[in-house]
């Protein structure tokens, strides 16, 4: 009898908690393991409620996060479309300056990943937190239309990376607070479809702007591209702030029974309550747990491979331009492969969920993608090359699988899962940057300058090194005395017709 009274009291306590305006994970430390499990299965009545609950979640949350992710990728990748619309020429970009502008976004993106997700988990208000950053990135995107030189575009891209960073790993963590393991793969694929749809419709928007707004009010097509897409993002994100629910306990559209079932089904799925330990330190403890878990690094390597192979998406309009059509047609040709992959990824992830398998669904797209790359590199006809795009884009079928795999493989507490998701999403850029710095240090301290200054050569070796080059050129391989020799050499190069013949061959 006493046990029943205690259980009844606990249920009342949880019901009271559910009516708070908002609550944090670590505020729920009173929920015991026994309460969370409650015999380890939902009753028939609860299964009926669960079905209604999932319908509510699917109809509100999924469309919102997909719509925002669609705008996220459109705002991030409009840089590639702007390139075809005169951005390089208008800003006077030369050499590898365009590539620097492309890459600098990920510097800011990496810096904000892990701290942002830990702060999101602690703050307890995803709607406000994610909504704020998405509005800011819409503003940054729109204001990019006003840049006039290389330094300004690099600064805008860096800030865009900072404010976009919280969204993607934040949503992965957010969805794991609403869906069970067996439901995640399909939802992750549906969520990721936002990026694929953006690849299609972002370029369709770019084509429409190029043909309809170019030159209006004294602005170039690429400037209108940033203004239109940034403004749409701000409008969409205002909806997110006021409509997106935070967590089951705080969603007013759910009655108390639905809230209870929402929390209990996740607790059963994880074999423990999906809550953090009490106290603010739980975020730091969760971060340390994530970095101690070897699965974090294994999954980071897998995600690194996918992201590296998918890098062609940053140049997709440039690739379709090799088919020999006009600028607008080249933008339109980007859409069909993305639309195809949206449809394919739904079936792919649904099968993965139904079969309960992640590994084979992660593996099979790899050979298809490789074949696509080989066909593109070895053919020049329209049919073969365009078909290769449909194979290359199979790399994106892996994304829904890997995101669900990460969420499934990361056990509780939520702070650990939040840190792991953020680290895995940023690990690619951390590793690449670290390798680049390491190789750069080797070059600085190990690479010799010229034979005369290389200390590893004795005097006789230095003499022979210089003499063999002099014999080969029938004269000493040195400049004339005086600083003007560099300018004279430059003029000689531009006067030599071989310079232009070899430049044409290289081009």
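Don't overthink the numbers, they just go from 1 along the chain as shown.
Glycine is treated like the rest: Cβ placed from N, Cα and C.
If you check TrEMBL, you get these features:
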type: TRANSMEM; residues: 57-74; note: transmembrane segment
type: DOMAIN; residues: 61-507; note: domain 'Major facilitator superfamily (MFS) profile'
type: TRANSMEM; residues: 101-120; note: transmembrane segment
type: TRANSMEM; residues: 127-144; note: transmembrane segment
type: TRANSMEM; residues: 150-176; note: transmembrane segment
type: TRANSMEM; residues: 188-209; note: transmembrane segment
type: TRANSMEM; residues: 221-244; note: transmembrane segment
type: TRANSMEM; residues: 297-316; note: transmembrane segment
type: TRANSMEM; residues: 328-347; note: transmembrane segment
type: TRANSMEM; residues: 359-380; note: transmembrane segment
type: TRANSMEM; residues: 386-406; note: transmembrane segment
type: TRANSMEM; residues: 427-447; note: transmembrane segment
Query: When the pLDDT values for the domain 'Major facilitator superfamily (MFS) profile' (61-507) are averaged, what is the result?
result: 77
Field: Range from 127-144, 150-176, 386-406 with most C-beta pairs under 8 A to the transmembrane segment (57-74)
entry: 150-176
Task: May I ask for the residues of the chain that lie six or more residues beyond the transmembrane segment (359-380) and have a Cβ under 8 Å from a Cβ within it?
output: 185, 302, 309, 319, 348-349, 351-352, 387-395, 397-398, 401-402, 405
Message: Let me spell it out: take the transmembrane segment (386-406), skip the flanking residues so only those 6+ beyond its ends count, and list any with a Cβ under 8 Å from a Cβ in it.
response: 172, 181, 184-192, 195-196, 299, 302-303, 306, 309-310, 312, 316, 319-320, 323, 333, 336-338, 340-341, 344-345, 348-349, 352-353, 358, 361-362, 365-366, 368-369, 371-373, 375-376, 379, 420-421, 424
Task: State the residues, same chain only, that lie 6 or more residues beyond the ends of the transmembrane segment (150-176) and have a CB under 8 A from a CB inside it; answer 'none' if no residue qualifies.
output: 61, 65, 68-69, 72, 75-76, 79, 87, 91-93, 97, 100-102, 104-113, 116-117, 120-121, 126, 129-130, 133-134, 136-137, 140-141, 143-144, 184, 187-188, 191, 403, 406-407, 414, 417-418, 421-422, 425-426
